[in-house]
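Pulled from TrEMBL, these are the features on record:
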{"type": "COMPBIAS", "residues": "342-368", "note": "compositional bias 'Basic and acidic residues'"}
{"type": "REGION", "residues": "102-123", "note": "region 'Disordered'"}
{"type": "REGION", "residues": "335-368", "note": "region 'Disordered'"}
{"type": "TRANSMEM", "residues": "20-41", "note": "transmembrane segment"}
{"type": "TRANSMEM", "residues": "53-71", "note": "transmembrane segment"}
{"type": "TRANSMEM", "residues": "137-158", "note": "transmembrane segment"}
{"type": "TRANSMEM", "residues": "170-188", "note": "transmembrane segment"}
{"type": "TRANSMEM", "residues": "238-255", "note": "transmembrane segment"}
{"type": "TRANSMEM", "residues": "262-284", "note": "transmembrane segment"}
{"type": "TRANSMEM", "residues": "304-325", "note": "transmembrane segment"}
{"type": "TRANSMEM", "residues": "375-396", "note": "transmembrane segment"}
{"type": "TRANSMEM", "residues": "408-431", "note": "transmembrane segment"}
Amino acid sequence: MNDDYKKAKQAFVSDLTGSSVLHVNLISLVALCSIALYSALKSRTPLTRSINFPLAWLILVLPLLLSMTLFADSPGLLSGLLLLPTGLLLLIPRQPLGSPLPPPVPMSPTSRQPAPSGSTTPQIQPLPSVTVYRAHMLLMTTLAILAVDFPVFPRALAKCESFGVSLMDMGVGSFVFSQGLVSAIPILKDPAYLSAPAVSKILSTSKKTIPIILIGLVRVLLVKGTEYPEHESEYGTHWNFFITLALLPVLQVALHPVIKRVPLALLGVLVASTQQLTLSAFGMHDFVLNAPRVGLLSANKEGLVSLLGYLAIHLLGLSTGTLILPPTPKYFKRSLKAPGRPRRDSNANSKEKPELKEKNTLSAPRENDRTATELCSYTMVWWALLGLLRFFGVGGEGISRRLVNAPYIFWVAAFNTSFILGYLVLDMWFFPSRSVYSRRTKQNVPVDIPIDDPARLQLVQSAPPLLEAINRNGLVLFLVGVG
């Protein structure tokens, strides 16, 4: 490869200082506005049953691309253009969602339909807001990776050299946060998994991450073999993001004995504090920024030093997953208190009180209002911690993706919980579930729809099919972007 071209390419993405937290938030807000417009069309027009692919692409994908290119300097204008038709559509009465749901008659725990005989694992009810969040995160990350090499993509949105905030810096952290979020599924389905033998779990998890490690190694060979322009200060000479993604689930499994005893959010904060301590008190800050690349370890100093910080982000994502994926935000905490408790609705021999058993099963009705309230609390905590860290100057010169310091960790957590909350609130607003008054909880709760009844469950699912497809094929989409 021509040396002049290689140097020009490297210079194009080097020594960047980024934008601002507000600017990144405003650009990302376009995604919320696009799903609001889609939901308004879905709930207020005859398009209730389906929106064709071209229209879905125009509403859900094109605005994301425009927000980081042509409208990057004025994302508020683009959001306004999306919100204007949304507001007009809200003047139209809500369309009925197909055939009516069954009458709102409370069901006793014993009257539930038993799970299929061939099923041995409880299923988690789908949460459309999580599907939309992950799909939009994947889309924005991939679009940014593809667009960053072109002048139409502002340099302020590309990855910062050492300190600063940008859209692509947030994309890296969001990918790790999302990985942690979905990693909550195994321990929600079977809390006893936390107590399983550590060695067997680590070996099993390592086998599952082998394909990702191989992808990372192949990428290293291709980049080195073709002399493709690379930016060593991102992860190091040989390290790349795939290696980090492959190691995080293994490290999480190794922490299972601690997770049983320490709240996940607190554990994430402790790991983040440890990361900041290693940077500030043990010289890792200067090592990453100033040490020459003279050996294998120093050549990959960014990847090695940042790993603990990414683990903190992963754990905070895991904490969020245990909060929003089950029917109630207290489900995981109750499960840890009684890990041997039966989770199957059909277990008639359980001596547990019927109302408590109904409450703490994965097939119980969702309490999205409580989930939103709890998530809002965590969101405010993460933003407050970020503000305090910046006020007291913790982290040196500010937020740093390269170091994955504490300000970066809590910025990622605050950003992601904020937007998950936004998607959840939009979903609750546009697609409210039928509810009945519960004398036990003294509030309205959703009508119980068995999760093994796809026809009836489909009536309350609102994630766009296009985003569902992106969510299911996230790794393929990401490989297309980095390839």
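Any Cβ shown, glycine's included, is placed from N, Cα and C.
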Highest-contact recorded stretch vs the transmembrane segment (20-41), from 53-71, 137-158, 170-188, CB pairs under 8 Å: 53-71
Cβ contacts the transmembrane segment (304-325)/the transmembrane segment (238-255), at least three under 8 Å, sequence gap 6 or more: yes
For the transmembrane segment (137-158), sequence-distant contacts whose Cβ falls under 8 Å of one of its Cβ atoms, 6 or more beyond its ends: 9, 12-13, 16-19, 23, 27-28, 31, 61, 64-65, 68-70, 72-73, 166-168, 171, 174-175, 178, 470-471, 474, 477-478, 480-482
